[in-house]
């Protein structure tokens, strides 16, 4: 017999022992002073007594086969409950470096598509004839779709029960829709004019040009819906597939790929692509859309085909039978009210922070460009239109260079900073093999432990680093009104890359760790509540009242697990909704301070950026309110194995031990997290 078989046998023995200790056979007396053991005054249930008189027993009686046990039918000596427990154990094993890469690489491909839309979408729409006054109606699509689409997709994917995963259908569908929308948008002039030409319309007529603009604007909204679909699904996919104690590492890896995607997008945007990729199309935007589509589809197919997702059918039927618009809003408002406190605090931080982040992302290149053109305009305030066009074109390239430095700084920070962070959300990893103590590492890792411990800065937790990044961001924004040289402004934008790296990492890591922790506790609680149907345990049959009480507890809506898709969708609402506020506020400030193009002394964008810094300071206050340490699922799993899961609470010794994790446990968590970066491909 293999070791895995023996461990499975020992696991069955433990379950059997715990099951016998939890359930007790009904009393054998049928009458007497103590009263009957079963309703009706006999020692046998009425249904069984009646059927036994006819020589048979009703095997469908709810007293013999409750709804919760019907799903645990024995198949080949193992129950579906066993399969579910084995799968849960597999997903809590520490994953290797290559696993985290394959899990998160798809978000890098998505970021390339985002970079193409944000950096080249505006010039392309202007080339189609769209006016600047209507551009706001186009780019408001991002915040609107982010506010509505991501929570809705999260709800749909939470309720999906496809055997090969509940996130993968939406990832694949969203990626296919995004690639199709990009390619359609790139060739929209040819497609619309060619279609209308079938009816005799002149491609150069005003009506055809207006139709092209209208269809392009509509397709921008379609593209944003598709992008938000795949983004919401990928984020939930990472939460579901990364172990509870590696959520911090997984989201750090995801933020690195976001940085890589930004760099690829900016480099591609600054390269003369038709010269090298003429077969994709003879325009810059067509080549960019083709490259973005290839990057997205290839990375998504790699992640989906290699990474195994939990079988959602083992989770039972979804809570919602319908997923209409009405159900969506009811579900969202109910979920907002029931958000875990830790998640609610992160959402509050994101709401205020993104009022300041949004102007920085969209106006950085223009801010650098204003500083660049200022001395030229002071020397020659009477430039011709052609001279102004050339000057601002050079200013755009200078601003793009600053954005490239910003992206590189962000990526370097995401690569190096995790090794200096004192871990709090990667505590107590679950053991890799049966019989190992959670959090205890092998002696083979002692060499790695030595040098990794030297890198960790004591007390520099992820939350504190995130807090400091807000102060850094606000300080840089306040300095924008004082800086007058391109070099100094580029340094400010580069420093903001450090803050941006943590903005892409910390909130996702904290929320993911909280969702994963609570999900593990819920699964542990369900294991304690469900009876285990096995041969040879008939003597431990629970009473009818026990069955009914158990079913009520299992079906209690208050005991439902936190659904990652919905929670991450609400988090994205906290990111997207302040973008509309920032857009409105920026428009008001521009109305007061903006000057005409070509007039020196226009510092309106610097004022907008500085105002955003005040909101980021408010966000820093709420970061301070977030907890650093939390109880971990490893403690819950250990308590469950000992039959103590119901004792876990605010005052329990297990919870207190996890909240007050000693320095040695922190070091073990650091090693468990960081050693995965050199372990190779492990599943």
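Quick reminder: no glycine exception, Cβ is built from N, Cα and C everywhere.
Annotation comment: TrEMBL describes 1-70 (among others) as region 'Disordered'.
The compositional bias 'Low complexity' annotation in TrEMBL covers 1-11.
The compositional bias 'Basic and acidic residues' annotation in TrEMBL covers 48-57.
Listed as Cβ neighbours of the transmembrane segment (97-116) (distance under 8 Å, sequence separation of 6 or more from its ends, same chain) are residues 171, 175, 178, 182, 227, 230-231, 234-235, 237-238, 241-242, 246, 249-250, 253-254, 256-258, 260-262, 264-266, 268-269, 288-289, 291-293, 295-300, 302-304, 306-307, 676-683. The annotation transmembrane segment is assigned in TrEMBL to 97-116 (among others).
Annotated transmembrane segment per TrEMBL: 136-157 (among others), in sequence order.
Here the transmembrane segment (169-188) has Cβ contacts under 8 Å with residues 106, 110, 113, 116, 124, 128, 153, 156-157, 160, 162, 212, 215-216, 219-220, 222-223, 225-227, 229-234, 237, 281, 283, 285-286, 288-290, 292-293, 296-297, 300, 303-304 of the same chain, all six or more residues outside its ends. The transmembrane segment annotation in TrEMBL covers 169-188 (among others).
According to TrEMBL, the transmembrane segment annotation covers 208-227 (among others). Non-local neighbours of the transmembrane segment (208-227) in the same chain are 110, 113-114, 117, 121, 125, 128-130, 134, 137-138, 141-142, 144-146, 149, 174, 177-178, 180-182, 184-185, 188-189, 192-193, 196, 201-202; each lies 6+ residues outside the stretch with a CB under 8 Å from one of its CB atoms.
Look at TrEMBL and you will find 288-308 (among others) tagged as transmembrane segment.
Per TrEMBL, transmembrane segment is recorded for 351-373 (among others). Long-range neighbours of the transmembrane segment (351-373) within the same chain, counting only residues 6 or more positions beyond its ends whose Cβ lies under 8 Å from a Cβ of the stretch, are 118, 139, 391-392, 394-396, 398-400, 402-403, 406, 470, 473-474, 477, 480, 483-486, 489-490, 493, 496, 500, 503, 574-579, 581-583, 585-586, 602-603, 605-606, 608-609, 612-616, 618-619, 622.
Here TrEMBL flags 402-421 (among others) as transmembrane segment.
Tertiary neighbourhood of the transmembrane segment (465-483): same-chain residues 353, 356, 360, 367, 371, 417, 421, 489, 492-493, 495-496, 498-499, 501-503, 506-507, 603, 606-607, 609-610, 612-614, 616-617, 619-620, 623-624, selected by CB-CB distance under 8 Å and a gap of 6+ residues from either end. Taken from TrEMBL, the feature transmembrane segment covers 465-483 (among others).
If you look at the transmembrane segment (490-511), the same-chain residues 6 or more away from its ends with a CB under 8 A from one of its CBs are 235, 247-248, 250-252, 254-255, 258-259, 342-343, 346, 349-350, 353, 357, 360, 364, 368, 401-403, 405-411, 413-414, 417, 425, 462-463, 465-466, 469-470, 472-473, 476, 479-480, 483, 567-568, 571, 626. The transmembrane segment feature in TrEMBL is assigned to 490-511 (among others).
Annotated region 'Disordered' per TrEMBL: 526-561 (among others), in sequence order.
What TrEMBL records for 573-593 (among others) is transmembrane segment.
Residues 345, 348-353, 355-360, 363, 366-367, 370, 463, 466-467, 470-471, 473-478, 480-481, 483, 582, 585-586, 589-590, 593 of the same chain lie 6 or more positions beyond the ends of the transmembrane segment (605-624) yet place their CB under 8 Å from a CB of it. The transmembrane segment annotation in TrEMBL covers 605-624 (among others).
Marked as region 'Disordered' by TrEMBL: 649-683 (among others).
Packing against the transmembrane segment (402-421) from elsewhere in the chain are residues 119, 248-249, 252, 255-256, 258-260, 262-263, 266-267, 270, 364-365, 368, 452, 455-457, 460-462, 465, 486, 489-490, 493-498, 500-502, 504-505, 673-674: each is 6 or more residues past its ends and has a CB under 8 Å from a CB in it.
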